[in-house]
Every structure is written in structure tokens, then in C-alpha cells.
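S.K.: For reference, the structure I am asking about is given below.
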Amino acid sequence: MKFSAVILAAGKGTRMHSNMPKVLHTLAGKPMVKHVIDTCTGLGAQNIHLVFGHGGDQMQTTLADETVNWILQADQLGTGHAVDQASPRFEDDEKILVLYGDVPLISPETIENLLDAQPTGGIALLTVMLDNPTGYGRIIRKNGPVVAIVEQKDASEEQKQIKEINTGVMVATGGDLKRWLSGLNNNNAQGEYYLTDVIAAAHDEGRAVEAVHPVNAIEVEGVNDRAQLARLERAFQSMQAQKLLEQGVMLRDPARFDLRGELQCGMDCEIDANVIIEGNVSLGDNVIIGTGCVLKDCEIDDNTIVRPYSVIEGATVGEECTVGPFTRLRPGAELRNDAHVGNFVEVKNARIGEGSKANHLTYLGDAEIGQRTNIGAGTITCNYDGANKFKTIIGNDVFVGSDSQLVAPVTIADGATIGAGTTLTKDVEEGELVITRVKERKITGWQRPVKQK
């Protein structure tokens with residue numbers, strides 16, 4: 001379906017009490033306006049005209065990778081004026097969809113319904129019924145058809161009783177919309193050029209106006225303050241959780257789950273409360289994620305358990321692994337099948353081989369660790385000299401004792417043993433035992449220091 005979109009995003013958002021443009025505030029980890037852009041892109045919009053004003057530099061920096069036409073509205077003179085700034089780019093025969101950068105939850109299904117409903121030469125308008133319509137423009141009908149929209153400040157007492165309200169979202173043909181916009185005036189209580197006045201203009205020409213309701217009323221809720229944004233966040237997360245439950249994912253507490261990206265799950269996955277998913281995350285079959293974990297841009301294979309309060313970012317975890325509790329896997333971390341990393345272990349840019357373990361209090365950075373190797377508690381790969389980073393290579397079946405420092409670059413061959421407390425600075429041959437502890441001494445009659453009076 002051939003259409004272009006105009007996204008209005010020029011408002012300041014005074015009630016947000018923020019230095020950032022309102023539409024850049026995030027919902028599910030993504031700027032509100034980015035949700036709208038992504039929806040239009042997914043539907044195949046030919047052009048996306050983004051009307052911006054306040055905080056223009058921030059807008060263009062944050063959305064630098066988006067394929068949009070940047071349309072400046074230097075003076076905010078109303079919604080009609082905003083759309084008119086983009087009108088020189090409209091093709092006469094294309095559908096023009098008007099959306100809002102602070103209405104982030106509008107769904108592809110609702111937009112498709114609206115595009116399909118546009119009568120030839122007329123307007124399709126998205127409306128919704130509200131028990132409390134205060135503050136919204138009212139839909140005026142005459143014997144059924146929509147004939148006008150009256151804003152709250154211009155409405156009579158009788159019109160204020162109407163519960164059907166305008167969402168501002170509409171579709172019209174480019175040539176018609178340009179003509180109607182050119183005829184707008186600002187003779188109203190706000191002194192603004194209302195986009196809603198094109199409804200009356202279309203009616204005066206005998207054009208049909210078709211009203212369509214959204215699939216879900218929450219889709220058309222806008223954001224004016226942080227309380228509204230928080231409410232939409234919870235609504236969005238509830239919808240995401242419901243989809244995952246329907247797909248077979250066991251969310252132990254759907255009300256305490258946040259998805260801020262994309263999640264792919266295999267069969268029989270279980271996610272406990274207060275888990276946060278960011279970026280692109282993939283879980284295999286029978287994966288268990290404990291409470292309080294944060295997963296970002298990572299892949300976790302079948303039958304792996306991630307125990308509570310672990311953070312995994314930019315990492316790959318194999319099958320049958322155990323992670324945590326309180327583990328941090330940083331970008332470049334790779335755990336092969338049946339690897340174990342436990343509490344207060346940090347791994348960065350390192351591969352831990354099949355069946356190997358680092359169960360306690362360990363930092364492994366810029367390292368390659370072979371199979372069936374045991375890394376004792378308190379082991380540190382000393383990979384950074386203040387200017388450059390160096391690699392530690394540990395072979396198969398190696399035992400590294402507790403409280404060891406491995407000063408890179410260093411290689412430990414297969415089957416070697418590193419005694420507890422060792423500071424290793426040289427390579428170790430296959431099967432060797434290395435120990436660098438200071439010889440133990442016993443001092444009899446030693447007196448512990450006392451505080452001076």
C-alpha cells in the first residue's frame with residue numbers, strides 16, 4: 001500500500017521538566033519517536049517526514065541513523081501548521097498518514113485498518129471512546145457521519161458531553177490535504193492552526209470522513225508527563241509479557257518483567273521476577289533465568305541455568321552451562337558447553353572451554369581457557385599494563401590454585417598446576433607445578449602492636 005507518514009515531534013514537553021525533547025524520552029529502552037518510526041518502516045512507508053523543533057540538535061544526533069526527511073517547524077503554531085511544513089513533499093496521489101512522536105504504542109494493525117478505511121477523496125480518522133474525555137477534541141457527527149472536530153477550549157457545554165474523542169491520527173490523500181491545509185485559519189481560543197479543521201473542510205466539499213477505532217485504546221494514549229510515560233511503560237511491558245506467555249515462555253511474575261528489545265525463546269524457558277532483557281537476546285530450550293538478571297545482546301543455549309542477579313552482555317553461553325549467582329559476563333565472553341562460572345566472577349573478551357570452571361571471585365579478561373580446567377577462587381588475569389592489553393592462554397586440564405595472579409602475556413600448557421598464591425610471570429610447560437609463595441616463617445614471642453595513648 002503506497003503511503004507516506006508525517007510524524008509530529010516538534011513539541012517542547014514542558015511538563016516533562018527535562019532538558020531533553022519529550023519524544024526522545026524512552027519507552028522500553030527506545031525513544032518514543034523511534035517506536036513510531038519503526039512502525040512506519042515496518043509497514044513499508046515510502047517516506048517518513050519527521051517534523052521537529054525544540055531540541056533539534058539532540059533529535060538529529062539521537063536519530064542520526066534513521067531514514068527520515070527532517071522538517072523544521074521553527075515556530076510552533078499548531079498541528080495544522082506542523083503538517084503544512086511537510087506538505088511540499090507530498091505527492092498528490094499518495095496516502096498521507098499523520099502520526100505523533102509522543103504516541104508510541106500505535107500498532108501496525110491499527111494503522112493498516114486506518115489506511116484501508118480511507119474513503120476515496122476523503123479522510124480516515126482514528127477516534128476512541130473515553131469515559132472522561134476532558135482535554136480532548138470532540139468528534140461531531142450529524143446523522144451518523146463525522147462532520148467536524150471541536151477542541152476542548154472551543155467546545156460548547158453540550159459538545160463537552162460527547163465521549164468520542166479525536167486522537168489526531170488520520171489519513172488523507174496528499175493533494176487534498178495540501179489544499180485543505182492552505183485554507184486553515186487560527187480564529188480559535190488557542191490562536192493556532194488546527195489540523196482537526198481539515199475535517200470540516202472535507203465535509204464542506206462533500207468528502208466522506210470515516211472514523212476507525214484502534215485495536216486497543218492504550219495505543220492512542222499520548223505522553224505529556226513522566227507519570228503518563230510510566231503508565232505506558234507498564235502497559236507496553238504487560239503486552240510484551242502476554243505475548244511471551246502465549247508463546248510458551250514461563251514468566252513467574254509477568255508484572256515484574258521488562259523487555260527492552262527483542263527476545264527469542266526455545267521450548268520450556270523459565271524467567272523469574274525482575275529480569276530485564278535489552279537489545280537482541282536468544283534463549284535455547286529449557287533455559288532458566290533467575291530473579292534480578294540483566295541480559296543484553298547475548299545468546300544462551302539449551303539447558304543452561306543463569307542464577308540470580310547475573311549480568312550478561314554481548315556474550316555467548318553454550319549448552320548445559322551454569323552462570324551465577326552474581327556473575328558478570330561482558331562483551332566477548334564465550335562459555336563453551338558445560339562451563340561453570342559462579343558468584344562474583346567477571347569474564348570479558350575471554351573463552352572458557354568445555355567443562356571448565358571458575359566458581360568464585362575471579363576476573364578473566366583477554367584469555368583463552370581450555371577444557372576441564374579449574375580456576376580457583378581469587379584468580380586474576382592481569383591483562384592490562386596501563387597502556388596495552390595482553391592475553392592469557394590456559395590449556396586443558398589445568399588447575400589454578402586460589403589467589404593466583406596470571407600476569408599476561410603468559411601461557412599455561414595442558415595439565416599444569418599453579419599453586420595457591422602464585423604470581424605467574426613466565427610460561428608453564430605441560431604437566432609442571434609452579435608455586436611462587438614466600439617461604440613460611442614462624443616468629444615466636446611476637447607482640448601485636450597496641451594503640452599509643
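Cβ coordinates come from backbone N, Cα and C, glycine included.
Here's the feature list from Swiss-Prot:
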REGION    1-226  region 'Pyrophosphorylase'
BINDING   8-11, LYS22, GLN73, 78-79, 100-102, GLY137, GLU151, ASN166, ASN224, ARG330, LYS348, TYR363, ASN374  UDP-N-acetyl-alpha-D-glucosamine binding site
BINDING   ASP102, ASN224  Mg(2+) binding site
REGION    227-247  region 'Linker'
REGION    248-453  region 'N-acetyltransferase'
ACT_SITE  HIS360  active site, proton acceptor
S.K.: Where does ASN374 (UDP-N-acetyl-alpha-D-glucosamine binding site) sit in DSSP terms: helix, strand, or coil?
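M.R.: Its secondary structure by DSSP: strand.
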S.K.: Rounded to a whole number, how many Å is the Cα of GLY101 (UDP-N-acetyl-alpha-D-glucosamine binding site) away from the Cα of ASN224 (Mg(2+) binding site)?
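M.R.: Between the Cα atoms of GLY101 (UDP-N-acetyl-alpha-D-glucosamine binding site) and ASN224 (Mg(2+) binding site), the distance comes to 11 Å.
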S.K.: Tell me the coarse DSSP state (helix, strand, coil) of LEU8 (UDP-N-acetyl-alpha-D-glucosamine binding site).
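M.R.: The three-state answer is strand.
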S.K.: Please work out the mean pLDDT for the residues of the region 'N-acetyltransferase' (248-453).
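M.R.: Summing pLDDT over the region 'N-acetyltransferase' (248-453) and dividing by its length gives 97.
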S.K.: Counting every protein chain present, what is the number of Cβ atoms, excluding its own, within 10 Å of the Cβ of ARG330 (UDP-N-acetyl-alpha-D-glucosamine binding site)?
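M.R.: There are 16 of them.
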S.K.: Output the one of ASN224, ASN374 that, of all these binding-site residues, has the highest number of other Cβ atoms within 10 Å of its Cβ.
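M.R.: Of the binding-site residues ASN224, ASN374, the most buried by Cβ count within 10 Å is ASN374.
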S.K.: List the helix, strand and coil residue totals of the region 'Linker' (227-247) as derived from DSSP.
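M.R.: Looking at the region 'Linker' (227-247) with DSSP, the answer is 20 helix, 0 strand, 1 coil.
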S.K.: When you measure from the Cβ of LEU8 (UDP-N-acetyl-alpha-D-glucosamine binding site), how many other Cβ atoms are you left with inside 10 Å?
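M.R.: Step by step: centre on the Cβ of LEU8 (UDP-N-acetyl-alpha-D-glucosamine binding site), count other Cβ atoms within 10 Å, giving 28.
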S.K.: Within a 10 Å radius around the Cβ, which one of these binding-site residues has the most neighbouring Cβ atoms: GLY11, GLY78, GLY101?
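M.R.: Of the binding-site residues GLY11, GLY78, GLY101, the highest Cβ count within 10 Å belongs to GLY101.
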S.K.: Can you tell me whether DSSP puts ASN224 (Mg(2+) binding site) in helix, strand or coil?
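M.R.: For ASN224 (Mg(2+) binding site) - judged by DSSP and reduced to three states - the answer is coil.
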S.K.: What are the non-local neighbours of ASP102 (Mg(2+) binding site), defined as same-chain residues 6+ apart in sequence with CB under 8 A from its CB?
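M.R.: Expected: ALA9, GLY11, GLY13, LYS22, VAL23, MET32, VAL33, GLY222, VAL223, ASN224.
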S.K.: Check the recorded positions GLU151, HIS360 for other C-beta atoms within 10 angstroms of each C-beta and report the one with the most.
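M.R.: Answer by Cβ density within 10 Å: GLU151.
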S.K.: What kind of secondary structure is the residue listed as 'active site, proton acceptor' part of, going by DSSP in three states?
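M.R.: Looking at the DSSP assignment, the residue listed as 'active site, proton acceptor' belongs to a strand.
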